[in-house]
Amino acid sequence: MGNIGIWVFATCLIIQSGYGFYLPGSYPHKHLVGGYLSVKVNSITSIDTEMPFSYYSLPFCKPKEGVKDSAENLGELLMGDRIENSPYRFKMYTNETQIFLCQSDKLSADDFRLLKERIDEMYQVNLILENLPAIRYTMKEGLTLRWTGYPVGVKVQDAYYVFNHLKFKVLVHKYEETNVARMMGTGEAEVIPGIDNGGSPVPGYMVVGFEVVPCNVMHNGNLVRNLKMYEKYPSPIKCDQTSVSMPIKEGEPIVFTYEVAFEESDIKWPSRWDAYLKMEGSKVHWFSILNSLMVITFLAGIVLVIFLRTVRRDLTRYEELDRAQAQMTEELSGWKLVVGDVFRAPSNPALLCVMVGDGVQILGMAVVTILFAALGFMSPASRGTLITGMLFFYLILGIAAGYVSVRLWRTIGCGDHRGWASVAWKAACFFPGIAFLILTTLNFLLWGSHSTGAIPFSLFVILLLLWFCISVPLTLVGGYFGAKAPHIEYPVRTNQIPREIPAQKYPSWLLVLGAGTLPFGTLFIELFFIMSSIWMGRVYYVFGFLLIVLILLVVVCAEVSLVLTYMHLCVEDWKWWWKSFFASGSVAIYIFLYSINYLIFDLKSLSGPVSATLYLGYSLFMVLAVMFATGTIGFLSSFWFVHYLFSSVKLD
């Protein structure tokens, strides 16, 4: 794995050192003056309901050639994006005003009710030009706020107004021919400059910005009766953001118009996403990392003390000391008393093996995906690549899940081969099965609401095929290798009769549950940004920070679990297997409590039981994945620690 990481990193550095680093799937498109640019529409979204709907579910204008789906990847569909063509089209570097789009049919009672509902729920229309979402600027108390998309409409004193006129501003940058030559050198894109009759190259432009101002203007239905799409509206249109003038009424049509202005800009193609990714709160990220480092140092100190104490105490035992001292040492080291029981098989060993195997798979997927994202391979510019990447890495890492779970199963069974196939099968089906149950239930809710967030049936079948044709076979292959690999030998023998665990002052599970607070402390600040990106529609792109936080989380989980396992062994509690898993895995409980807190205090506007159920369902799914991954880190580090402890100690 290490070699692959180095290779990827080196490749990235080579690409980076080239002129202008273009993210995959975002090469410059040159347009000649007067060439057509077409706008696409995505699903309409709302942070009030978290349920996306198709743009054409509302009575908007449809393109002449009919509605067509744009090419999409798996990730986009899973995220509820439905990108379709739209009637809005521009001519490059040609300003146009008063363009008539269409007059809708007379609003039926259903259409009227639906429009009012969507305006009340604050739905946003999301337009895309050349892969850039439309951006809208508003002023509030002297501050400029940026939004992607614009509202369907607005409610003023019990009357509803739909934004029926859009004022577009397209920022363009002159296409530099040097770029073309450089890029042809890399073999990525070949753009041959057009030559006009005079023999000089025709200037081309690239789209580097897309802004929209929505307004509601008074249209006269009688003036547009004989107008065709893209013809000029007969009277001047004044677009004023601050006022509305034409409410929607049942039984009356809506007239849609737009205007477009082009503006040359200094923004270069590689930095055209900067407006969307303004680095807000980088200080907060650094603060969270420093905070985590303090927790880690504190825990590392405890771990160091444990190791030094055990080794030193072990040495003092063999030195020629008086009997009293030796007796005291013996009493102190309670963990040596459980030597005959420490490797006794846990209850439900198969379940533990399966959960650890699945945890390795989830953790591996998270690390690889975030590494690729931090290196710029999964930019927000290429929609859905993050989810597609996660799915791909998860399927491939089925091998790791099978190998780890079967090898652990054989270690617990002291090398016994029997039952490895059933453990591998369970590892292949356990976590995906839970995920499938949760997502299917949520999908039925979305289907019932006719939301585009619902996974289409065809995609459902594809996901099932991926699971059974790639993930399951790979997990079984991993299991086969795990069964062939030598099991881990225990350094000490286990007694026939289990030792009685002395009564504890406090229940050990209390300590295990409390241990989750430390890993939670390292990630809760980053968690806020991730939640905002999922539920508030903000773009999350600080994967470099996320990678650091993930590494810190792994270290904290390992340390917490190790310290707790040592504490249990010291009080002669030899049942450490499950406790070490849940010591770090209990961070999931705190994340779930945090997501409920986020629902109550940050998503105050979330309306309706369906939306809340969706939110809690997705949160539960996320929390389970976190529990498997963090629990695995804790268990594996504790297993290594116990093995190391009892193999390095000389026992009579």
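Backbone N, Cα and C define each Cβ position, glycine as well.
Feature list (source: TrEMBL):
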SIGNAL    1-20  signal peptide
TRANSMEM  286-308  transmembrane segment
TRANSMEM  350-374  transmembrane segment
TRANSMEM  386-406  transmembrane segment
TRANSMEM  427-447  transmembrane segment
TRANSMEM  459-483  transmembrane segment
TRANSMEM  509-535  transmembrane segment
TRANSMEM  541-564  transmembrane segment
TRANSMEM  576-600  transmembrane segment
TRANSMEM  620-646  transmembrane segment
Where, among 350-374, 459-483, 509-535, 541-564, 576-600, do we find the most CB pairs under 8 A to the transmembrane segment (386-406)? 459-483
If contact means at least 3 Cβ pairs within less than 8 Å, sequence distance 6 or more, would you call the transmembrane segment (620-646) and the transmembrane segment (286-308) in contact? no
Taking 286-308, 350-374, 427-447, 509-535 as candidates, which has the most Cβ pairs under 8 Å with the transmembrane segment (541-564)? 286-308
Using Cβ atoms and a strict cutoff of less than 8 Å, what residues sit near the transmembrane segment (459-483) while being 6 or more residues removed from its termini? 74, 77-78, 357, 391, 394-396, 398-407, 409-410, 417, 420-421, 423-425, 427-429, 432, 436, 443
Counting CB pairs under 8 Å, which listed stretch among 286-308, 427-447, 509-535 touches the transmembrane segment (350-374) the most? 427-447
